[in-house]
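This report refers to the structure that appears directly beneath it.
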Amino acid sequence: MAEKHEHNATSNQKTSAQEPEKTEPVRRTPFTDEELEYFRQLILERRRQAVEDIERMKAQLEDAREQGGTDTAYSFHMADAGTDAMEREKLFLMIARQQKYISHLDRALERIKNKTYGICKVTGKPIPRERLEAVPHTEVSIEAKLKQKK
């Protein structure tokens, strides 16, 4: 009988060791399919706007490049060249920023598809709807964001 008791203790230890895996919270979205579709549409609209912004800025760069060669009637000043270069650099930086924003939006769309949207990657807790409406591509709650800044 002592062997049986020892065997039960061993099997109880295995069960105890497995329990943390079972109690680990499943990080699935707290939102319904309809709510996820709402956020998907919101993200797609923001993505469309960002793509339009990039196209507009690229057109500005192209216009500036084309106008750069037509200054023959006016004297060319070094200050003008510096200003033009600064404007081009600013446009390049803004384009890069929008491209980064689009990649964040694309990752949010992937989380919607995987049904993990709206879960903080730091705390594992649901991100409030209000935050997601303001920043639909966020991966962290305000609580986690504040901890990151410290």
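Counting starts with 1 at the first residue shown.
Glycine is no exception: its Cβ is also placed from the backbone N, Cα and C atoms.
For the ranges 95-119, 120-144, the feature annotated in TrEMBL as zinc finger maps to 120-144. For the zinc finger (120-144), the DSSP-based tally of helix, strand and coil residues reads 9 helix, 1 strand, 15 coil.
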